[in-house]
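The structure appears right after this line, and notes come after that.
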Amino acid sequence: MAVTLVTSCASSSRFHFRSFSSSPSSLSSCFVRFQLLSRLRVSFAITPLYCSSKATAHTIAHATLGLTQANSVDHPKISFSGKEIDVTEWKGDILAVGVTEKDMAKDANSKFENPILKKLDAHLGGLLADVSAEEDFSGKPGQSTVLRLPGLGSKRVGLIGLGKSASTPSAFQSLGEAVAAAAKASQASSVAVVLASSESFSDESKLSSASDIASGTVLGLFEDSRYKSESKKPSLKSVVFIGFGTGPELENKLKYAEHVSYGVIFTKELVNSPANVLSPAVLAEEASNLASMYSNVMTANILKEEQCKELKMGSYLAVAAASANPPHFIHLIYKPSSGPVKTKLALVGKGLTFDSGGYNIKIGPELIIELMKIDVGGSAAVLGAAKAIGEIKPPGVEVHFIVAACENMISGTGMRPGDVITASNGKTIEVNDTDSEGRLTLADALVYACNQGVDKIVDIATLTGEIIVALGPSMAGMYTASDELAKEVIAASQRSGEKLWRMPMEESYWEMMKSGVADMVNFGGRAGGSITAALFLKRFVSENVEWLHIDMAGRVWNEKKKAATGFGVATLVEWVQNNSS
């Protein structure tokens, strides 16, 4: 029997075919840490080169700036299903077995003690035990070993390490990503997934783990090739879950995972899009398309600049004033097609399609001005959640998706350091930093959200570099005065596998935000900067509305992959789902 071995680190999404005598490659993942220097404040004047209207300038820019258009990409759908069969009976391209370190235990005769591995190894004539020993495969997270088995029902059998225990959503999502990587490497069209320790799982745990694996598989297959001249289409068509149960409950869990995953992909595509393609108008168009797609439950209201002026959104419009691309205020409303509405929620996202910093321009490589398309990340998460919710259609809950979309640019019409602006709730703000613009747009967005009569608001934004200093790149900061709302959102984040850490709302820090000429300044300095930013936002939320702020600046981008993460969608959708009846 000819057998070829493949080894990899799951997080790298790369598989290497090797002979038995080779050693597995050691590929480790790393996090990129942003080092934030003190802000350089540079102010200068720019003489306008033309006197035409912003609308005309927008048309010219959109027609000539790079002549770039995204390639049309259809995301292939994967068929997910469950079966209760013997693992040795399945026929297809890859049988992927998730194993913990405990599952890899062997007896005195070097045979597996785990029942599933023992049966599978006997079916393969002892090859599984031999290969795992030779390759020092122990079930550690990131380890993967794949055997080619021509002539048998499964063309390949893979062992994928889950670590000491498999109990977290992120562990099962990583398993799904490893399945996707193996499928891409071998051009497999059919995969079956089994957990070696599934017999110890409760029925609910089996359903949840299947959902997480499905999510990881969909996202692991995704590659954003819209701006590349060549791309490859994934070959994977079907994934069968063996030993996870069958019937409507499993089907519903798998469908939920699919809907959320495609919402995450939509978010990734928005954040990945360059600013010369994704303008505020295009972002608004994408939102309107969602309303059209889910017209039985969703409507769109896009406010233009004049309408925002009528609503006295001076804070938001001050940020937008310098750009040739006019602002577009996005408001999507989800209402169930039937039944009473018991709860009204709002999801508010920061929507800067590009942030130059304004007159306090971003200078130096540490401030990554070339990457400032990522400032659309909060709004992208909100719209990704809208897409998923349009598919899932949770009952009994009304959801408002709100984005104040604009660019923060530099021109003779732009806001200047020292300007005093007035938000739509009448609060005045001294602009002591034009690069602290996100909170200015969110201020009017939060006032608008409260005016919709909602019970709870969650806003999400790439708001401060200081949160990266505080928490690093693996989690987002969360701020709220409501313990109950904090519990709700933390529970949603834990179920989704997205890490949040509750930060203090230290009111004494408000002293840093006081102005001599206005009600407040918009930047209180770097010390406690993420906290003071949250305290600023709090001033624009009605006292009768529960509110929570997520600062996701460190989680929006994966520098190693040079791509957006899609962070926030899963947590927001889970939170909405938990508030439905």
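The backbone N, Cα and C atoms fix where each Cβ goes, glycine too.
When the candidates ASP355, ASP483, ASP519 are compared with the Mn(2+) 2 site entry in Swiss-Prot, which names ASP435, GLU437, the shared residue is ASP355.
With LYS350, ASP355, GLU437 listed by Swiss-Prot as binding Mn(2+) 1, the candidate from ASP224, ASP375, ASP459, ASP551 annotated for that site turns out to be ASP375. Taking the binding-site residues ASP375, ASP435 in turn and counting surrounding C-beta atoms within 10 angstroms, the largest count is reached at ASP375. DSSP assigns LYS350 (Mn(2+) 1 binding site) to a strand in the three-state reduction. The number of other CB atoms found within 10 A of the CB of GLU437 (Mn(2+) 1 binding site), across every protein chain shown, is 29.
With a 10 A radius on its CB, LYS350 (Mn(2+) 1 binding site) counts 30 other CB atoms from all the protein chains.
Distance between Cα atoms for GLU437 (Mn(2+) 1 binding site) and LYS362 (active site): 12 Å, as a whole number.
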